[in-house]
């Protein structure tokens, strides 16, 4: 996996992978072994055993890298558990680290032969899956683009729809109208890079010089990124970010297709790297000088009609599920609101009761005290009682309380008692 350290592989353990390779390449013995070992042997773990001969300094550094990576994974596990609300559960790191197959979790402190073996196998396997995932994502992207276009057409009236369809067709033709695209990895394609990107005389094209010019990290191999960079000129013929008809997501898929095609043709030991020898062998093949024409993406629809039909069915099902969830959520919301209203009503009731007990009583007592002041003697004349009665009503009226009856019999104490039955 030499050369991998020059770019992001897209793997979640990319940094660890690159740092391990960087340090291994600093060891003279290991570097020589690495460059002289066939990829199949590397994949089968034969190279990993050479770790035993690596210098003490490099081994110490690898131990440190592994400890850092184990700590990173533990932090990730902890963060994931916190998000899922399980922060009170004791974390079994050993059990959880098992899922990371690219390192040996049984010895979290030292980097062993088994670690290198696992790292190589995982990276090889994961990178192959990574390309497949990229293709799958692109297919979904294209189907969604077509789905959105169809849905948009449904919202238009007949004239607008016709105009939209004509515009779509015009953009499609405009995108397909471009200079001839050279077959990736062919003599013509590389010669064009030599002439236009490198500014050299096409008559002087020399494969070995070309290889050295474009092996940008100077490790003696074309890695995937160095290969993909060779297709930029071809892609610029078809894609311009300022044009409405050109989609940059499609450009990246075209770049991936070109790289995979060249790798399949040239990378004979399947290590995802092109050595100088492999490159020179490829330049001597008949296909290098007289390739088939290259079928671009627009000539190869990313999905079949059947896949599109299934995709739209899946979307419709998702929408239906979302609608059902939305209805269910609305019901839950309504129920919560109803419960909230009940609670509010109970709260108001309680406040009223507390208000009567805690706030109204002092006021009533104050009124009572005022009413009881200078209470006339029972034998007081009728007009004195009448006058007292009017004073009582005046006090009650001031406090907004119901007034007592006018016709109290002489000498009767009912007025005073009536105050105790106030609402």
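Cβ atoms are placed via backbone N, Cα and C, with glycine included.
Curation plays no part in TrEMBL annotations; they are all automatic predictions.
Predicted-model confidence for the coiled coil (315-356) is 90, expressed as mean pLDDT. Per TrEMBL, the feature coiled coil maps to 315-356.
Shown for the compositional bias 'Basic and acidic residues' (149-172): DSSP residue counts in helix, strand and coil, namely 21 helix, 0 strand, 3 coil. Taken from TrEMBL, the feature compositional bias 'Basic and acidic residues' applies to 149-172.
Per TrEMBL, the feature domain 'EF-hand' maps to 202-237 (among others).
Here the domain 'EF-hand' (254-289) is broken down by DSSP into helix, strand and coil counts: 25 helix, 2 strand, 9 coil. TrEMBL lists 254-289 (among others) with the feature domain 'EF-hand'.
Summarising the annotation, TrEMBL assigns region 'Disordered' to 149-186 (among others).
According to TrEMBL, the feature region 'Disordered' maps to 373-423 (among others).
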